[in-house]
Amino acid sequence: MKPVLEVRDIHKSFGGIHAVRGVSFDVRPGEILGIIGPNGCGKSTLFNCILGQLPPSSGEVWLEGERVTGLRPSQLNRLGVSRTFQLLQVFPKLSVRENLILAGQEHRGSMLSRLLGPGDAGLTPDADKMIAFFKMQHLADERAGGLSFGQQKLLDAAMAFMAGPRLVLLDEPAGGVNLTMLGNLKERLKAINEEQGATFVVIEHNMDFVMSLCSRVVVLAEGKVLAIGTPADIRANQAVIDAYLGH
Amino acid sequence: MIPPLARLWQPAALVLAIMLLIALPFGLERYGIYILSLWAVTTIAAIGLNLTLGYAGQISLAQGAFVGIGAYTAAIMTSAGWPLLVALIVAIILCFAVGWLLGYPALRVQHHYLAFVTLAFSTLAFLVFRNEQWLTGGIYGIFGIPRPTIFGFSTRSAQAFYYVCLGALGAVSLMAWWLVRSPWGRAFTALRENPLRAQSLGIDTRRYTLMAFAIGSAIGGVSGVLYAPLVEFVDPTPFSLVLSLNLLLMVIVGGQGFFFGPFLGALIAVLLPEWLRFTKGYYLIIYALVVMLLLIWSPSGILGILDEALTRRKTRRASALRAAARPTLDEGRAP
């Protein structure tokens, strides 16, 4: 089966600093791939290179057999690649529902039809379904800026799924979220993965979260791939234990 | 649940304001009607700037220049015998195209750098108005700009032309309302609040930035097309950088990013100095102090104060409801 995402020999340098050094891996349809590694190992830089937010110094990114290196983030999103950010990136002055509508509207019709069509681009029912799926019904009309940190994280994740993406890249979704909310988030991600066959790539420091959610894990260290394997393989890998997990 | 009466106050206030605007000229003299017409024309220009700056977050010090382009288009064309409607269409297309081109620097620079780029354009436009005498009449300007006849009705009188300005304000307001309630308005807000996230949601920030400039500028042109027959004379002075700064002040004082912000801002910028005339030589000093105090008190403008109060009330109500209901989510940050 053709991989959803192929990352081929990506390098990224900032002056004399080599943040990413020849990283290659692929993401299979319907899998949840985790990317772990110590701080500064190049995880977020790699994400930004894949998503067109940073041009890689060299290397290629392929999406379902189509070369997408250098495409703008908006173009990649319209091809079905969605993401969340490490830091909160919701639109504080819009309500929860409006944030979700915004996340899906650019996938509906042409720019002109969006101007002339209904104000919600016909997305209110979809947004309400997503709100219900993430159990945020009581917050639907609240401004996103007024939500708690954990609720905003949940909204951020929900926004990534509004357009029915082929691939979702989640950058530290568990960061700063308490245990109850984390359980809820994990349960929702698993449900989307199982019910819709959605494919995820997850960067995360929370080992329990990664090991219980992901089917395979890529370990980065100093900008290079240290190991790729199932959570069990990674736990048992001596190089990974030495470099990251510890004893 | 919002009580039905509370939901009705906004449309009721709007209907009252419209009725007042229709009735006002009957109780005013010619100068008073002129000031009201000027308010309507200025509000249109401020609505355009509010789209560019308030909604899309792109600073522009060139709105006055687009009013000038619209005014000169109307002056030149109507003096040559063309109907004002044709001049209006030409001005809209011209300002849209120039505004689109002016938006390109915004794709590379932001904030005060963008302000300087637009300021440079404003200066350039002023120099064209002043120096290209063959086209604009130079410092002598263009006299005797006719007011239009619409469906056989002359709008020569101050009152008749006031209703033309009011009608145009109504039409522009409706279009702007439609725009800000559409997905475009939401995309403009996303562009203003977080362009990086907007891009990741598939929003073509380049195209929306250019659109924000182009539409805002075209609305500025509409304002200019009305200004020329209102004053019946155009010269370069009213379209200097001072007008752009004044329009910026209107948008900020009224509340940028609020639909009715430009209406209030223009009310303060156009009418307050007139109301303060009884203070004789002090009126501009008092006006400046009022504006300074207002912005110190509420940097988000008059409607910002109202919005904050409403948000606080809504948050309190929602918190109370949440506290009363069984929580479905544990809220809060990890320790």
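Cβ coordinates come from backbone N, Cα and C, glycine included.
The transmembrane segment annotation in TrEMBL covers B:6-24 (among others).
The transmembrane segment annotation in TrEMBL covers B:31-49 (among others). With a threshold of 8 Å between CB atoms, the same-chain residues lying at least 6 positions outside the transmembrane segment (B:31-49) that come near it are 21, 24-25, 60, 63-64, 66-67, 158-159, 161-162, 165-166, 168-169, 172-173, 176, 215-220, 222-224, 226-227, 230, 247-248, 250-251, 254, 261-263, 265-267, 269-271, 274.
Residues 45-46, 48-49, 84, 86-88, 90-91, 94-95, 98-99, 102-103, 106, 110-112, 114-115, 118-119, 121-122, 124-126, 129, 135-136, 142, 145, 180, 185, 188-189, 191-193, 208-209, 212-213, 216-218, 220-229, 234, 236, 238-248, 257 of the same chain, all 6+ positions outside the transmembrane segment (B:55-77), place their C-beta atoms under 8 angstroms from a C-beta of that stretch. Under the heading transmembrane segment, TrEMBL lists B:55-77 (among others).
Annotation comment: TrEMBL describes B:84-107 (among others) as transmembrane segment.
Residues 58-62, 64-65, 68-69, 72, 102, 105-106, 136, 235-236, 239-241, 244 of the same chain sit 6 or more residues outside the transmembrane segment (B:113-129) yet have a Cβ under 8 Å from a Cβ within it. Annotation source TrEMBL lists transmembrane segment at B:113-129 (among others).
Nonlocal intrachain contacts for the transmembrane segment (B:134-154), taken as residues 6+ away from its ends with a CB within less than 8 angstroms of a stretch CB, comprise 72, 74-76, 78-79, 83-85, 128, 160-161, 164, 228-229, 231-236. For B:134-154 (among others), the entry in TrEMBL reads transmembrane segment.
For B:160-180 (among others), the entry in TrEMBL reads transmembrane segment.
The transmembrane segment annotation in TrEMBL covers B:208-227 (among others).
Annotation source TrEMBL lists transmembrane segment at B:247-272 (among others). Only residues 6 or more beyond the boundaries of the transmembrane segment (B:247-272), in the same chain, are considered here, and those with a CB under 8 A from a CB of the stretch are 35, 38-39, 42-43, 45-47, 49-50, 53-55, 60-61, 63-64, 67, 176-177, 180, 189, 192, 287, 290-291, 294-295, 300-304, 307.
Taken from TrEMBL, the feature transmembrane segment applies to B:284-306 (among others).
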Discussion item. Cβ pairs under 8 Å only, please: of the recorded stretches B:6-24, B:84-107, B:160-180, B:284-306, which one is richest in them relative to the transmembrane segment (B:208-227)?
Written reply: B:84-107
Discussion item. Which range wins on Cβ pairs under 8 Å with the transmembrane segment (B:160-180): B:6-24, B:84-107, B:284-306?
Written reply: B:6-24
Worksheet entry | Contacting positions for the transmembrane segment (B:284-306) when only residues 6+ beyond its ends and CB under 8 Å are counted | 249, 252-256, 258, 260-261, 264-265, 268, 272-273, 276
